[in-house]
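Colleague: One structure follows; several queries about it will come next.
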Amino acid sequence: MIKITKEANIARNVLLLKGLENPILKEYNDIKEKERELLIAEYLYKIMSLLNLDLKNESLKDTPIRISKMYVNEIFSGLDYKNFPKIMLMDNKIKFHEMIIVRDILLISTCEHHFITINGQATIAYIPENKIIGLSKINRIAQFFAKRPQIQERLTKQILLVLQVLLQTKNVAIIIHMDHFCVKARGVCDTSSSTVTSCLDGLFKSDKNIREEFFFKK
């Protein structure tokens, strides 16, 4: 059985403490994965039938279970902290206290208002104090929180806060550019607009030169 790691528990607890956790129920945590997939597929079957789709059709008959598996194992896998990435934190023995920036992190999420895709990129930076982290883990943490029904504002703050607590520093900054298909494909149908959110703390917030380096350094 996969257990929730210490780092995953730290992440979850700090988000709960700060009121930044997603609105996740606890009642269904004991449902096994396969049972959850089947239950979701049953409801999807009903939804598709109410849309007058013929579920006997060769192309559609397996769609409910395909969507269900996609929800549980892929696009909403970030709802389960057992899927939180394994984190490699190291003592900053080399005394590196300059800015570390990871650019163009691919994020694919889902709008929690319409259950339609949000996709874009994040740039994340930190200035180490006592701890440093494997670079790919920054990407994986960001992608973990993206794999939930989300709003971009919450996602931005979640990533920042979790990195702060794991890295034991306030010096973290993040900016996210995303395209919302709830804007592109419905409602206003604006295919050219995008949404930008940012969150800065520590030296990124208090020091103008560091802030400008984060936003403008290539």
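For all residues, glycine too, the Cβ spot is worked out from N, Cα and C.
Straight from Swiss-Prot, here's the annotation block:
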- Cys111, His114, Cys182: Zn(2+) binding site (BINDING)
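Help me picture these features in the structure, burial and contacts included.
Modeller: Here Cys182 (Zn(2+) binding site) comes close to Cys111, His113, His114, Ile116, Ile118: these same-chain residues lie at least six apart in sequence, with C-beta atoms under 8 angstroms from its C-beta.
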Colleague: Name them in sequence order: residues not among Cys111, His114, Cys182 whose Cβ is within 8 Å of the mean position of the Cβ atoms defining the Zn(2+) site.
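Modeller: What remains near the Cβ centre is Thr110, Glu112, His113, Phe115, Ile116, Ile118, His180, Phe181, Val183, Arg186.
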Colleague: Near the Cβ of His114 (Zn(2+) binding site), how many other Cβ atoms are there if near means within 10 Å?
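Modeller: Taking all protein chains shown, His114 (Zn(2+) binding site) has 16 Cβ neighbours within 10 Å.
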Colleague: Can you see whether DSSP assigns Cys111 (Zn(2+) binding site) to helix, strand or coil?
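Modeller: Reduced to three states, the DSSP call for Cys111 (Zn(2+) binding site) is strand.
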